[in-house]
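What TrEMBL annotates here:
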COILED    677-711  coiled coil
DOMAIN    2-94  domain 'Anoctamin dimerisation'
DOMAIN    97-678  domain 'Anoctamin transmembrane'
TRANSMEM  108-134  transmembrane segment
TRANSMEM  184-203  transmembrane segment
TRANSMEM  260-286  transmembrane segment
TRANSMEM  306-327  transmembrane segment
TRANSMEM  355-376  transmembrane segment
TRANSMEM  475-497  transmembrane segment
TRANSMEM  525-549  transmembrane segment
């Protein structure tokens, strides 16, 4: 107590700190004679108590207006100034959140608010790229040629039932593709890679300011207690703790390694389950496209590929949600199998597994569509097949980017909607059902007279894993916003709109629907920062491949500079793209079809006589050349340009990222000056206190008649 200036002991500690002190004491109280009969957690785990939680500070509602009568308590103030939907456009009262819920939850909302604020420029640029595509749509030479290509007949996209089709039938898809794949896409991909770095670097600065203001700069986590499960498992083997000097349970190195190997094998097996699920979706797509092509409804029959993609995405979403439930149980089992020593080790291990499972589960189908769909199909007359039976799915005549856009848009909207419902709707329904039972049992009057602890007991407990679900949802969204953003520039805008709702939704949930969580301290967002950095690096690589492989940016560039009307002139405008569509299609002799892939229609509806030739997307020689259907020189030029672009793009963006990281200091200059000033003042106060003490001693000696030579002044 002598280290602090305390004017009033009742108000010196806020409620969050007081509850943490009480919990600290309860964790160390011995409740029974015995070696391990200590602490509240053991009483909760053996069923002696049903629950233990800090109390909310009264009701969050009031009959009187907060403007005329003020807030009745901190909970009421938080509800009116933070959790109410009417204040969605205001800054968050982070200091009040920290005072009520503690630093760890305060840091989560500080990070979420910072992330949402940083999404504004990304959403604006993404919307600009989309609007640029809209304004230049009528001037796009490629989509014009596709829409006017009534004389170009495309080969069927599936066996037997798919008909021949005019290239002009895909006019709408060509125009939609241009909205996302236009001249501004490469700029936006570079911008988003740089944005991710700037976001993380400026968050470090923001976190430093918050840590200083909340007195967390010099705070270090105290030596954590050993988990009871670890203690029970390894209580027979003990060794001295190098810090405390007391004996503690010890896990042998061989035992730890064997458990980690089994855990890693489990992770690998679950990733294989995800790949198997994706393989099932692939089979569904290749089987269903033929079924939809023979459908009796003309709308579905004429749009068989879009119908296949749409239904496959919805089925994939259902599989994702089902596997997420399984993954949580598997991650819990594998983490407990590893026997982590402390709670923080357990939390980090569980977090890494759950993120890995969910990330692979959510993005595996997207990776398939972006980098494998339509890449290894062979060509008409020599199609590659799954198990020598099913012909692999081809891209739409307008390219694969439209499939990737649909995948990202549907998954992102559906997942965010589902998450928001589960976060708020589920607790609301449960609390409503609890209140209904209480009304039936006690009546309305009796229910209003319940003590605060009983009112809080009837609310929902916070998630067993703390803030894990909140962080995981946002980190996965960050991945969607950055990894494939070159294919879907509207992703940051969707994320921004969701996060504006998410902040108030989470605030409402914490203040009104959940029991008050135990306040805890933290210096940063923990392992999640490293995961964010990993996603930032992965996003550079994936966007480079999306632009080079999935989009038609590189083939168009090669055509403009090497094969188009402007070849050798160093120009690449729309006039240089004349003839691009015809140059990107190869010719196939219809009589060369395999028996099992020969269409039921002979194409006579187009010209009155059976078709002799059809076209397909590839760079191959015509059927009557010396090497029929061999790759042309243009194919190798495009392939070389794609590889060169990937290398140049990655190196350029990584250099920019590292340069930005180097130029932006982790501590703002004014904060560094404040910290130095504080250190200087502390030293001055220590000097003055020491001088005052020495002068006092000297006066006392003189008063007592004692004096010494060579005294310090």
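From the backbone N, Cα and C atoms, a Cβ is placed for every residue, glycine too.
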Structural state census, the domain 'Anoctamin dimerisation' (2-94) (DSSP three-state): 40 helix, 2 strand, 51 coil
The transmembrane segment (306-327) touching the transmembrane segment (475-497) per 3+ Cβ pairs under 8 Å rule: no
Contact set, same chain, for the transmembrane segment (525-549): CB under 8 Å, 6 or more residues outside the stretch: 107-108, 111, 185-186, 189, 192-193, 196-197, 200, 207, 347-348, 351-352, 355, 370-371, 375, 404, 471, 475, 478-479, 482-487, 642-643, 645-646, 649-650, 653-654, 657
Per-region confidence, the coiled coil (677-711) (mean pLDDT, whole number): 80
